[in-house]
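Okay, structure first, notes after.
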Amino acid sequence: DLYRKVFVFRKDPSDAYVVLRARLEQPLHNFTVCLRSYTDLSRPHSLFSYATKAQDNEILLFKPKPEEYRFYVGGKFVTFRVPEGRRDWEHVCASWESASGIAEFWLNGKPWPRKGLQRGYTVGATAAILLGQEQDSFGGGFDLYNSFSGELTDVYLWDTGLSPDKMRAAFLSLRLPPALLAWNSLSYEVKGDVVVKPRLRE
């Protein structure tokens, strides 16, 4: 149980990553991914990378610079411009709905204007899901200068689009619906220099 714990990615740049195991029975037509990160990186870095054999950026949360997030579905992306962080924890949730092609992005419990992305697409179920690296091939092909350095916590993946109430609940660490990946019952494997530590503060 990772309650009140974090993954600390100690090196910069790094070849380390964490493999997450989710039980996906079928392809995804809707999903929400949420996580909380803390870093002083100003270079590009990957937060959440979900690759299939057909598409290495099937789902990707990527931060090319401090004032920008990129959200990929099926190799295409939309950009969300954000205020440059105050070197504090940032909580992000990104959700996507195939039927409407609507991508939602929430930062620290607040929604950004919705954008259109990959209407009618289906996200494959046989996936390699990694924290800390961006996959350029299934489970590998890393560029060290896209690696994450810092602290990650509260990682979730749902096979639905969360309601606004639940998006805010994720930010506030309140009760959440059952998830494919849930921080408090995460099945994971650390590869390289990543340490699990208690959170320094709430």
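Using N, Cα and C of the backbone, Cβ positions are placed for all residues, glycine too.
According to TrEMBL, the domain 'Pentraxin (PTX)' annotation covers 3-202. The annotation disulfide bond is assigned in TrEMBL to Cys34-Cys93.
Note: Cys34 (disulfide bond) has non-local neighbours His91, Val92, Cys93, Ala94, Asp154, Val155, Tyr156, Leu162, Met167, Ala170, i.e. same-chain residues 6+ apart with C-beta under 8 A of its own C-beta. A simple way to gauge crowding: the CB of Cys93 (disulfide bond) has 25 other CB atoms within 10 angstroms, across all the protein chains here.
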